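Inspection log for the structure reproduced underneath, given as structure tokens.
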């Protein structure tokens, strides 16, 4: 089955969202279409583009927003928590190269995607010319890994089967998408 505008929209939207990012968008997208090369490629490209779009905005505004939030009474505590959490996520990235940022973004686990990578790059004052390609490559690698997992090309055995069965339950997808 070929995708309709609705599937394209949700794929793109989910890839831009901070929690689902490319992982959630590809799980959704590749369960909506036949696994032909053309369908997979279109959904992959939509997911990569959608996941990368927020990166420049996050890198430009994250630090000033956190700085401003620290000055407010109501959200100061949240701003400190967010900054501390992001710095903890950064770990040794502050001393590492853009390659470490790329690997961090490429690992398809929760909170290791483009949003967190862009926040880390912003807090660590990484130069755009190094952070952008690193985050983009990380997104692309993460997308390839997720595509291989969802299409069944890459099999992680029992653990992979359980993860896939949990993530691909129709009730799970419909509960938060529709």
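We number each residue from 1, going along the chain as drawn.
Placement of Cβ uses the backbone N, Cα and C atoms for every residue, glycine included.
Per TrEMBL, the feature transmembrane segment maps to 40-62, 98-124, 130-159.
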Residue numbers, six or more beyond the limits of the transmembrane segment (98-124), whose CB comes under 8 Å of its CB atoms: 18-19, 21-23, 51-52, 54-55, 58-60, 62-63, 66, 83, 86-87, 89-90, 92, 130-131, 133-135, 137-139, 141-142, 145-146, 149
Intrachain neighbours beyond the transmembrane segment (40-62), with Cβ under 8 angstroms and 6 or more residues off its ends: 3, 8, 11-16, 18, 21-22, 25-26, 29-30, 33, 113-115, 117-119, 121-123, 128, 131-132, 135-136, 139-140, 143-144, 147, 151
